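These come from TrEMBL:
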| type | residues | note |
| --- | --- | --- |
| TRANSMEM | 32-53 | transmembrane segment |
| TRANSMEM | 95-124 | transmembrane segment |
| TRANSMEM | 144-162 | transmembrane segment |
| TRANSMEM | 169-188 | transmembrane segment |
| TRANSMEM | 224-248 | transmembrane segment |
| TRANSMEM | 260-280 | transmembrane segment |
| TRANSMEM | 292-310 | transmembrane segment |
């Protein structure tokens, strides 16, 4: 939580276009530095998993158990039609596929909302405050560090409380916070900033109406937007993802979790990539309004899932 902002802060002295690394096409600067660190850590994590971790059960034992399970299922459903077999399989309490699907959708929706905020956060801050790229990184990174310290403190203080209230309660509370964020920060006229700094061609800060035709009208309340967004990304979203992970793992029970977790990671990454693309396009064309309306509906879906399946997520 604290390490990524600190690492990002280290690269603020490398102004764009930065310095070349071996080849002119490969340059180290404010934006490429964190990506390079992320790539290296992912490679190290992959090598660690491959060479240092192993499954507790052998592959042969897993195949034997799978064969036995298939044999039992075939004997049980031998006289049933295909439709009945499918329905019985989906209703099998040992799998809880319905609940697994709903918690997956909720987690993916949270990832999509967070990707939206992450994509537009820096650009919006530059427009609203007139900050340069390095100033934006420094200020937002400092805010993330402060809130990271606060969140760690809260976690340590309320550690025992978290064991009592359950992950399903935490997911509901965080989903309500996420929904509240998009409602509070929606650029309504009475909460909007009606004037924005003029565009500075040197720092690329301020309202560039050639690129963002909408920014001369209103961009939203600056202070509320920035601090609420950082709090959302650093605290609410991360806790919601952790709680949904815990619910997901409990629902899987004895299923091969490595495969299911891997599928969920791939799905989450794909959704984040798609959300990043449509977020950038919508923000460039029309600003926050359509993007925030979409995120409000996505957040309402997560709240609905958290409430409707509240008791069934309690494990």
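In case you wondered, yes, glycine gets a Cβ from its N, Cα and C as well.
Looking at which of 169-188, 224-248, 260-280 has the most CB pairs under 8 Å to the transmembrane segment (95-124), the answer is the stretch 260-280.
Using a Cβ-Cβ cut-off under 8 Å and counting only residues 6 or more beyond its ends in the same chain, the transmembrane segment (224-248) has close neighbours at 1, 100, 103-104, 106-107, 110-111, 113-114, 117-118, 121, 124-125, 128, 140, 143-144, 147-148, 150-151, 154, 167-168, 170-171, 174-175, 177-178, 181, 184-185, 191, 261, 264, 302, 313, 315. Long-range contacts of the transmembrane segment (169-188) within its own chain (CB-CB distance under 8 A, at least 6 residues past either end) are made by residues 106, 110, 113, 162, 218-221, 224-225, 228-229, 231-232, 236-237, 239-240, 243-244, 247, 287-289, 292-293, 295-296, 299-300, 302-303, 306-307, 310, 313.
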